[in-house]
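These notes are about the structure you will find just below.
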């Protein structure tokens, strides 16, 4: 049986929110089979649980925000991406503020946290959502066009293309493909950091956003170059971060996908719109398990390696 996974023990982290600049503590705890991933706002007078789902996403401006019972958690995508990359099905996430800490701006710190706690196989089959027919969402035309698509695929593959007219981005790859069967999430994707431009940061801070952002947790560019003294972690770090974000956004479905995801200039809003479009067509997907893990698509049966 290809089994569900949780943590062997709890693990903690402290950081600041990218947009709020607020100090926040995270405690990641094991959860029973079929729990799913549950954020718990423990700072509130009455703690509120927010179970991840496509419908729980209530805001997609600059990040993915989930809500329930009047409580919110912002910027969940990097932690969700790490859970997707390591195949974590069940997890309690206690959080002391309304934004997940940005840490180093990638998913690598979350991968380290999860792996340091240890990953435990559980006595219940892992449930996948297998895409049976193509589903697509589009916006704009010509130079403003953007789209995202899910297609049938016996595995999990993502391809993404960006289109930034900037010297630092032009000199790197603007398209990348990652297949879970042949690549390593921890090595190939997890270390890609979020990025932004100085002109946008100034505007966001004037609006009370990006208050926790800086050169230690983002790639920052002026009109011509990358300002971080250490440079890039990957030659194509910009577009790889978009893959990282997409994996996190898609994992908000609540189950891992068996599908090929492809996108052009997509973002948090379009990724969530794609999930809702999939769920709106019940003939476009099915829920499957694998009694014999040898029959499962390559890449899901082995625990992800550290880099």
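Placed from the backbone N, Cα and C atoms, the Cβ positions cover glycine too.
Positions annotated as Zn(2+) binding site by Swiss-Prot, on the basis of sequence analysis: 78, 241, 245. Cβ neighbour count for residue 245 (Zn(2+) binding site) (all protein chains, 10 Å cutoff from its Cβ): 24.
Note on residue 268 (active site, proton donor): other Cβ atoms within 10 Å of its Cβ, all shown chains, come to 22. Per Swiss-Prot, the feature active site, proton donor maps to 268; the stated evidence is sequence analysis.
Other than the site residues 78, 241, 245, same-chain residues with C-beta atoms no more than 8 angstroms from the centre of those residues' C-beta atoms, the Zn(2+) site, are 77, 81, 106, 107, 192, 193, 194, 242, 244, 248. On a Cα basis, residue 268 (active site, proton donor) lies 12 Å away from residue 241 (Zn(2+) binding site). Sequence-distant contacts of residue 78 (Zn(2+) binding site), defined as residues of its own chain at least six apart whose C-beta falls under 8 angstroms from its C-beta, comprise 100, 102, 103, 105, 106, 107, 110, 194, 244, 245, 248. Cβ-based neighbour count (10 Å, all protein chains) for residue 241 (Zn(2+) binding site) stands at 28.
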